[in-house]
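*Asks:* Positions annotated as domain 'PPM-type phosphatase' by Swiss-Prot, on the basis of sequence analysis: 35-344. The Mn(2+) 1 binding site annotation in Swiss-Prot covers D77, G78, and the record cites similarity to another entry as its basis. Per Swiss-Prot, Mn(2+) 2 binding site is recorded for D77, D276, D335, and the stated evidence type is similarity to another entry.
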Amino acid sequence: MVKPCWRIGAGMERSKINPTKVDGLTWYKDLGLHTFGEFSMAMIQANSVMEDQCQIESGPLTFNNPTVQGTFVGVYDGHGGPEASRFIADNIFPKLKKFASEGREISEQVISKAFAETDKDFLKTVTKQWPTNPQMASVGSCCLAGVICNGLVYIANTGDSRAVLGRSERGGVRAVQLSVEHNANLESARQELWSLHPNDPTILVMKHRLWRVKGVIQVTRSIGDAYLKRAEFNREPLLPKFRLPEHFTKPILSADPSVTITRLSPQDEFIILASDGLWEHLSNQEAVDIVHNSPRQGIARRLLKAALKEAAKKREMRYSDLTEIHPGVRRHFHDDITVIVVYLNPHPVKTNSWASPLSIRGGYPMHSTS
């Protein structure tokens, strides 16, 4: 019998009125309230152990300036194990608040420093665990973070998760991608790597009809993946499939996020932040159309279901049959998927009517069979 167990993270909201819930392999919160509107979030497990994590933090964004209020949203798509994505969920928001407190504001530099410090500390953890758990060097995570504050939305990304804005236009809605992705199958990412490593003919290798960095990984930026950042981990007892045949002198992968800043307008309805498991099956426009044309309650779960229906269709099977497949085997049909939909009020909430601080973590399942 499948027993997914979802552990609630520290500080996680446990409202009796509108709690987070679990239904089989799906974790969700159908509707909640953040500083500037409503939100919906959902996750579904495909791997034998859930590698995705997510969070939403709403309220003060600094420790010392109560006027800096906003909403932080994070989607962390782990690979090689759940350790890196869990580490990000534990650490990146406190680091963002720390650096924002130093400057008494949110900025691109503050967010980038939070990414860098999180990666640095995770690599320290890998170093400490190397003697007893060397495979931690092969664990990493994409990191997508959004911050809504002072009429601006900051989107920072390492890896291939995606943030898409739904903007009202001529009676409908138009998809506006806010994030920049780092995947070797994108021409821009390949050009970047070739320019950074001009003397390395194997920096990118085509394998099974997909481009991979050094033939092993598709993402070109990430948190973790120490074996591609520090040569000291490119040796035994790391598994042979992760060891590179040649020595390297500078990091192959970067943790530097691409950051975009968008000033919100009354036409901006919502933002969808999701791991690439969603975008493998839904286009940007398909996703925003679903959100625009559907009730808010449970919208994140509705997006999950739409993606799973497409995954089943591609494999010429029924959706109901797909839902019966156990984790691990299920990964052959779709990835772990995380979706957060953040609705935007046209006019920011006034200072004296801010919602209570909110902290919700999604993830931490420990799947087992018995």
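Positions of Cβ are set from backbone N, Cα and C atoms, glycine also.
What you see is a predicted model, and the numbers here were worked out from it, not measured in a lab.
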*Asks:* If the Mn(2+) 2 site is taken as the center of the Cβ atoms of D77, D276, D335, which further residues of that chain fall within 8 Å of it by their Cβ?
*Replies:* D52, C142, D160, S161, S275, G277, L278, E280, D336, I337, T338
*Asks:* Let's check the environment of D77 (Mn(2+) 1 binding site): how many other CB atoms sit within 10 Å of its CB?
*Replies:* 28
*Asks:* Please report the Cα separation of G78 (Mn(2+) 1 binding site) and D335 (Mn(2+) 2 binding site) in Å, rounded to an integer.
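*Replies:* Answer for this pair: 11 Å between alpha carbons.
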*Asks:* Calculate the distance in Å between the alpha carbons (Cα) of D77 (Mn(2+) 1 binding site) and D276 (Mn(2+) 2 binding site), and round it to a whole number.
*Replies:* 8
*Asks:* So which of the binding-site residues is most packed in, judged by how many other Cβ atoms lie within 10 Å of its Cβ, out of G78, D276, D335?
*Replies:* G78
*Asks:* DSSP three-state call for D335 (Mn(2+) 2 binding site): helix, strand or coil?
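*Replies:* DSSP assigns D335 (Mn(2+) 2 binding site) to coil.
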